[in-house]
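Novice: Would you mind keeping the following structure in view while I ask a few things?
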Amino acid sequence: MAPNSIHWFRKGLRLHDNPALREAVRGAGTVRCVYFLDPWFAGSSNVGVNRWRFLLQCLEDLDANLRKLNSRLFVIRGQPANVFPRLFKEWKISRLTFEYDSEPFGKERDAAIKKLAMEAGVEVIVKISHTLYDLDKIIELNGGQPPLTYKRFQTLISRLDPPELPVETLSDALMGRCVTPVSEDHGDKYGVPSLEELGFDTEGLPSAVWPGGETEALTRIERHLERKAWVANFERPRMNANSLLASPTGLSPYLRFGCLSCRLFYFKLTDLYRKVKKNSSPPLSLYGQLLWREFFYTAATNNPRFDKMEGNPICVRIPWDKNPEALAKWAEAKTGFPWIDAIMTQLRQEGWIHHLARHAVACFLTRGDLWISWEEGMKVFEELLLDADWSVNAGSWMWLSCSSFFQQFFHCYCPVGFGRRTDPNGDFIRRYLPILRGFPAKFIYDPWNAPESVQAAAKCIIGVHYPKPMVHHAEASRLNIERMKQIYQQLSRYRGLGLLASVPSTNGNGNGGMMAYSPGEQQPGTNNTSQTISSSRLYHEFAVPQHPGTNTDPRGGGGGVWLT
């Protein structure tokens, strides 16, 4: 007798390269594709409206693609552990398939569901397809521990076989005689809900900058690979003002939700490289951000405290300040630094920011200026970022706050100079902070230094229409670098580990590599040119954390840890 199957969608919201879905239809009599949505969770979770809209669009697109195969998506209201036993009986299920989830919470949840399935006599098939590699094999190769440097990670994967090829997209031919029983009231019982049904107020909600779904993802990957200048040399385009805006070739939210297979992306890159470079083998650097994603997945898979400072064996316990007021100003784009506020405004409006913009605001919140825990920033990104991913988000925040993976804490981002270097005219700021639109380029990154006549002409008085800077960057950075230096010196002394990075001298004319202001820029709150910071004493326009084996130089728009 042909089995009756359920395929359980979580991530992996696609029909292409979905080996678990292929197993569901193989030789089956019936198949039902389900997605669990807890309406209570929608209203109470730390997930913003843009992420929910993207997810619902993914589900709508998935349902539309299943319809082309005379199937449907069943959106189930409730918790899997509560609902599956009923579905097993009601639908006479004998096979359950799903994609492997490497995150600790997901593994715990899936173990419970496997137990329920076993008790009900249901076969369970799990396939790896959200990552390029079997993470357990990487850990096994490293003596049972995850690699904690990217260089070590690269060494390990170079010893493994290449990732498996993507499997064929589900089609009518693959469905064979397998059917999906659909009732007339399917839409009412199992349809994709609207944002309003989930309790969101959508009045005034702008249209989505990033449309969700597999169809959009596959269109984008073709555009991504068509960028001829990049393809010709396989180099990243140089960072410029346009880099800061959402691109029609951006892929990160689609990889996060599994609308796009990382393996498909990997092998399309490989094939294209070989065509352009005459069959030469591609370097690991070609897959840079895909591999960073894999690196953090590997580091997090057996660490349920990966997103916490306390109880996290790989995280340095730093005595961060608790300052809800300062945190709110950062999250609500009211820091008084236009570069930081424009980035946070874009994040809240669109659900995406460039990876170097993420670096800038993360550094500002943590070790650069505010000395607030990376956990707080991670929560804001979890709420607002479309591509927020538990492992990558937590890992990136630990990395950029110098809490793990990296200790070059004397490198910080200047909240004035870095933006000015990237977008000298300030168009990005004018786009997201229209209150500052009237300022000339000379003052748009540090409007507090504009003469009163310029502020009046711009119809924006600093301290009235736009806030004054919430901190004195040069002083805050100097203090925080010293704090971090002391912490790492203590770690080195007490733990006997090589944790202490090479710390430059902070006496004499040195500034410890701290980013201050460019020559000609003034400190916040000063209008006296005699108080301009000397380039010989405090000038360091930007310095980007470097991790072994990576290039994150903003001048080249390189690497980074967030896939954007």
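Glycine residues also receive a Cβ, built from the backbone N, Cα and C atoms like all the rest.
Automated prediction, rather than curation, is the source of TrEMBL annotations.
Pulled these features from TrEMBL for this protein:
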type	residues	note
DOMAIN	3-132	domain 'Photolyase/cryptochrome alpha/beta'
BINDING	Gln289, Leu290, Leu291, Trp292, Arg293, Glu294, Phe295, Phe296, Asp387, Ala388, Asp389	FAD binding site
SITE	Trp320	site 'Electron transfer via tryptophanyl radical'
SITE	Trp374	site 'Electron transfer via tryptophanyl radical'
SITE	Trp397	site 'Electron transfer via tryptophanyl radical'
REGION	544-564	region 'Disordered'
COMPBIAS	555-564	compositional bias 'Gly residues'
Novice: If you measure from the Cα of Phe295 (FAD binding site), which of the recorded sites Trp320, Trp374, Trp397 is the nearest?
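Specialist: Nearest in space to Phe295 (FAD binding site), counting only the recorded sites, is Trp397.
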Novice: Hey, what's the Cβ neighbour count for Phe295 (FAD binding site) at 10 Å?
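Specialist: Around Phe295 (FAD binding site), other Cβ atoms within 10 Å: 27.
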Novice: With Trp320 (site 'Electron transfer via tryptophanyl radical') as the reference Cα, tell me which of the binding-site residues Gln289, Leu291, Arg293, Asp387, Asp389 is the closest one.
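Specialist: Checking each of Gln289, Leu291, Arg293, Asp387, Asp389 against Trp320 (site 'Electron transfer via tryptophanyl radical'), the shortest Cα distance is to Asp389.
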Novice: Sorry to bug you, but what's the C-alpha spacing from Trp397 (site 'Electron transfer via tryptophanyl radical') to Asp387 (FAD binding site), rounded to the closest Å?
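Specialist: It is 14 Å, counting Cα to Cα.
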Novice: Residue counts in helix (H, G, I), strand (E, B) and coil for the domain 'Photolyase/cryptochrome alpha/beta' (3-132), per DSSP?
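Specialist: Going through the domain 'Photolyase/cryptochrome alpha/beta' (3-132) residue by residue, I get 59 helix, 29 strand, 42 coil.
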Novice: Give me the mean pLDDT over the domain 'Photolyase/cryptochrome alpha/beta' (3-132), rounded to a whole number.
Specialist: 95
Novice: Compare the C-alpha of Trp397 (site 'Electron transfer via tryptophanyl radical') with the C-alpha of each of the recorded positions Leu291, Arg293, Trp374, Asp389, and give the closest one.
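Specialist: Nearest candidate: Trp374.
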Novice: Taking DSSP as the reference, which of helix, strand or coil describes Asp387 (FAD binding site)?
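Specialist: In three-state terms, Asp387 (FAD binding site) counts as coil.
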